[in-house]
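In case it helps, Swiss-Prot gives these features for our protein:
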- 29-96: domain 'HMA' (DOMAIN)
- 105-123: transmembrane segment (TRANSMEM)
- 146-164: transmembrane segment (TRANSMEM)
- 172-186: transmembrane segment (TRANSMEM)
- 195-209: transmembrane segment (TRANSMEM)
- 342-366: transmembrane segment (TRANSMEM)
- 372-390: transmembrane segment (TRANSMEM)
- Asp423, Thr425, Asp625: Mg(2+) binding site (BINDING)
- Asp423: active site, 4-aspartylphosphate intermediate (ACT_SITE)
- 676-695: transmembrane segment (TRANSMEM)
- 705-724: transmembrane segment (TRANSMEM)
Amino acid sequence: MTLAIVKEVPAGADGDDTTDLVVLSDAAGRMRVRADWVRGNSRRAVAVEEAVAKQDGVRVVHAYPRTGSVVVWYSPRRCDRAAVLEAIGGAKHVAAELIPARAPHSTEIRNTDVLRMVIGGAALALLGVRRYVFARPPLLGPSGRMVATGVTIFTGYPFLRGALRSLRSGKAGTDALVSAATIASLILRENVVALTVLWLLNIGEYLQDLTLRRTRRAISELLRGNQDTAWIRLTDGPEAGTEVQVPIDSVQIGDEVVVHDHVAIPVDGEVVDGEAIVNQSAITGENLPVSVVAGATVHAGSVVVRGRLVVRAQAVGNQTTIGRIITRVEEAQNDRAPIQTVGENFSRRFVPTSFIVSAITLLVTGDVRRAMTMLLIACPCAVGLSTPTAISAAIGNGARRGILIKGGSHLEQAGRVDAIVFDKTGTLTVGRPVVTNIIAMHKDWEPEQVLAYAASSEIHSRHPLAEAVIRSTEERRISIPPHEECEVLVGLGMRTWADGRTLLLGSPSLLESEQVKVSKKASEWVGKLRQQAETPLLLAVDGTLVGLISLRDEVRPEAAEVLTKLRDNGVRRIVMLTGDHPDIAKVVAEELGIDEWRAEVMPEDKLEVVRDLQDEGYVVGMVGDGINDAPALAAADIGIAMGLAGTDVAVETADVALANDDLHRLLDVRDLGGRAVDVIRQNYGMSIAVNAAGLLIGAGGALSPVLAAILHNASSVAVVANSSRLIRYRLE
């Protein structure tokens, strides 16, 4: 057999996309390629895996964002090596929206970790047999020491590598403590002790990693479930109507996806055929199934409990609602909570102190084993795990409830909020108003015309009032005249050009600002309607008032209860803001028991209210759902967007997004944030106590290096186990 090892060879030199690839090795059907642009970029790693997997003869491909390398297993006879390199290079330019929302395959592959544990365990077993079965002396001979040293270096490689990296950066980390103890034991010919310690530490690291991956796996299952394929119904050609099975990642927008009993819906889209009972808990957090018929919108991750649906795909992969959740969760797990700096400061100061204490112990006692023990027990690994494990578990818990938390810092703030600012429409109210009155204010206009032209102004708006007007025309089967152009006047209304006319639709303030006269009769109607908590919209055509439409939005049934519980849980200030008239705002505020409210506010006014509360020393939460809430959502200590499928600007700006519109989720956000901080504090207390106690006991000579390693592992595993309780915290 001939093996060809190619070192540091550029993969291409003709100006193509392979010029920045380096083939590190290529032998016996296994090729390793370095692609620096993959390093630290999990999404791009997925793109590489997807592109290479499509090439003929490729068996398995793993892209490693931690190292920037790509490993391809292929059939030498069937696979074109150049095509594989081309596919890797081409993946660099794949649009982000076309990359499936999943983790790289490499995140689940930890063969080397398992191999280290197996080899280390086997070596220890053989040494035990040698010592106790064959009654050989405990000290190893030259050949035995050489083998034991080799195995020790192999099992301790991750720690040695980490120590070198930390020393290059001028910081002595926890890996440096383990490495120093290992090197000392090898110099003193304590090979068995070193191997035992490293084997135990490797087991602990593997168990920690296994526990931490539960969150990512739980979130990924929301999108893919247990299925890798989907059924689609062909719509073109002679086989139209035939159902065929395809890989789930190949489903495209516009495909008609067929979903049967007990199968997760793989796309966001509109139901075009069939009816079913659907469990939407993955998206909304609600366990009660709902009935779905043709015309309804469904989301990926929802499960058909009973029935059959044909769904026309409107979003696939990471562009679906659940895909956005997964993307945000993965980004959020890199966000650092302020409390994390406590552990980092402790570790940064504690590691050098541990070296000093160990050196003093060696000088005073002359016992190298005791000094080694001090280094091992002083490793603040558990302290370093305290915050990220808890944050990761809590974010995963929230995602499974339909609460998208975009980072650890926001989670910590959620538990400290003591002032909340609410936007009224769509937040405290249902946000689905209905048209209650249509009044013509001009002799040449009929109510139906007023409604039709109002709908023309609102036809492309996603504002709840606009949607109510459109629904009303559809219910009355009134045709809507097309418009040529429209302009959104934020907080006031719309200006539209249709049929050669200029239309203004909005509040009386809009008409006054545009010099349109509002009659006494219209003003009386406006006042009367506002006292009934109805919102009047005035329609002016070419500078003349022609009609009035009023709409009413009901208060959410759970709003009063949630506000009461927020006050009971320590929220001292609750403020309601609305662009509506003061009369309407007053009626809603009185119904909900809100003392502080402001009406007719613009986006900058909402921002001002948030900043004023912050200046008074409050930790401010802002809850909203519209474009006009975005500045305040961004400025608040924690911004919460209602409805993940709502306004994209609000969802992108907010720190937390709720997948459904149930205000009870606000209580869950605060509860989860507070619980996460409690768990982090427990972790810190437990891990720091173990470090301190271990140092005292170790200095007295009561601990061996092996016992120190066991205690070190026990504290780390205890921290991870304590944090993992958050994964299932109050999740029913």
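The backbone N, Cα and C atoms fix where each Cβ goes, and this holds for glycine too.
On this model, are these features tucked inside or out on the surface, and what's nearby?
The predicted model assigns the domain 'HMA' (29-96) a mean pLDDT of 87.
Mapped onto three states, the DSSP output places Asp423 (Mg(2+) binding site) in strand. Asp423 (Mg(2+) binding site) counts 26 other C-beta atoms within 10 Å of its own C-beta, drawing on all protein chains shown.
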With DSSP as the reference, give the number of residues of the domain 'HMA' (29-96) in helix, strand and coil.
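Tallied per class, the domain 'HMA' (29-96) gives 29 helix, 19 strand, 20 coil.
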Would you identify the secondary structure of Asp625 (Mg(2+) binding site) according to DSSP, in three states?
coil
